[in-house]
Structures are given as C-alpha cells and as structure tokens.
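Here is the structure we will look at.
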Amino acid sequence: MAKQIQKEVQQGVEAWLTLGNERPHLSIVLVGDNPASHTYVRNKIRAASAVGICSELILKPKEVSQEELLDITDQLNMDPKVSGILVQLPLPDHVDERTVCNGIAPGKDVDGFHVVNMGRLCLDQHSFIPATASAVWEIIKRTGIETFGKNVVVAGRSKNVGLPIAMLLHTDGDHERPGGDATVTIAHRYTPRERLKTQTRLADIIVVAAGIPKLITPDMVKEDAVVIDVGINYICDPMTGKTKLVGDVDFEALPFTPMCQPLVLRRFPEFKLPSTSRTFLPPLPQCLLC
C-alpha cells in the first residue's frame, strides 16, 4: 500500500511539472531541540523528496517568540513559491499553538489544523485533512473495509486525531467530501472502562488514538471486528530494558495478526492549484504495514 501511494503521488508531481508548473515547495518550521520532532521532520523531508517535492527547513530556538513565528508564517503565506507550510508541533509552552496554526493561510495549511480547514471538514467540504485521520481513512478505503451503517468506536477525542477521524467516518457519503456513513461513538479519558468495553464489544470498527498502552484488550473486541491502532507510546521493554514504541492495543494478546501495529505514517503534503479551488495532490499517507 505504501509503495503504491508513493508512486501515485510521484506521478501526480510529474504530471504537474509537465504542464509547465513550478515544482511544489514545502516549508517546515521547527522550534527547539525535541528529538522526536526532529525525527518527524527528517521523515517528512525524506518523504517529500522521494516524490519530487522540494522542501526547506526553518530552524528556530525554543526561546523564539510567538510574534516572530507569526512573522515567519506571514512571509511564507505571501511567498508565491511556497506551496505548503507546516509548523511542527508541539511548540514551547509560551507559544499558543492555536494562534500559530491559525496564522497559516488555509490554502497552504498542509497539516489541516487551521480553523477554516477544521470547519470545512466538519461541514463535509473539501479541505486539508490532518495526517493521521487521512491515513486511517485511506487504509479503510483501500482495503475495502465497509463503513456504511456500521458501528464504530473512536477512542480519543483530540482535535488533531480523534475528532477528524470521527468526522470522516460518520458523515454523509453523498456530500462534497464523502464520509463513511457509520454510526460513531467517541470515547475519551473520562469514559469509564466498563462503558468503553460495552461500546467496543458492539463495534464493527475500533480506531484507537488515546495514547494509553493496552487500552484495548481481547475481551473488548468482538469476533471479525476491525481494529486500527494509531496510538503512540514509548515504554520500557521489561525483557531488554530498552525503550520501545507501542500502540494503544494489546495486539500480543489478541487472537489475530494485526495489519498495522501500530500505524506508522508520514504525510505526503497536498497542495492547491494556484488558479483553481481543486486539490492537486490528495491527502495520501504513507503507511508502513507490519
């Protein structure tokens, strides 16, 4: 799946260049020295390069002011050579992430975090879709998982992951931006575990994005259910003493082989044609499947 998606995006870039257009350009703003953030950004730059998208990295110290970040996004917004802008999160505590995300022009907001893009997503309109939600939706569509009329539980209600996943799955399949026509229940940190279990036992599809290791155990999943784990947790491996990456689902105890454990993805940026409102590159993730 990952290789096929990469090929499709690369072909889209080549077709765009054949029409005489400039190569798509992604600008990434990275603040501070968070090792995870630096790893994520390196992967994004590598993924962009693999499909023919050029990119630039703007590094700023953790002491950078919110005003300076907004000045940077303003300059990038006005630069016609910049197709997409991404500010790597999280930002330092003294910077308001919502303000900075809303400082990016909606048409260049490849993360899909701007209030306009979030609003259009909720109204079933075409928009930039947050990467993890886009990845889950793409996996469901490409693997032929039926969502029409199905019961779905989304464990996690974050504005960047859980909420957009729920919006994509429950909205009308006949609207401008087709949805999954599923019946969706959203659980969160205050959902009692027994109530969560009651809901997941009824679910045909479970999407887990809570950031809690082993949140979903075998007794919570009915036979033939689809489980998609997008949780990211770093824990100490009791066998090796080393840190390892795990999701939110106890896949080791589940009696089936997972398709993704957990889902690891990189977002190929999407850009809009300068002269139209149509999307040039679709929001396609690259998924590394186990």
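Glycine is treated like the rest: Cβ placed from N, Cα and C.
For 1-111, the entry in TrEMBL reads domain 'Tetrahydrofolate dehydrogenase/cyclohydrolase catalytic'. Per TrEMBL, the feature domain 'Tetrahydrofolate dehydrogenase/cyclohydrolase NAD(P)-binding' maps to 130-254.
Secondary structure of the domain 'Tetrahydrofolate dehydrogenase/cyclohydrolase NAD(P)-binding' (130-254), assigned with DSSP and counted as helix (H, G, I), strand (E, B) and coil, comes to 34 helix, 28 strand, 63 coil. For the domain 'Tetrahydrofolate dehydrogenase/cyclohydrolase NAD(P)-binding' (130-254), the predicted model reports an average pLDDT of 92.
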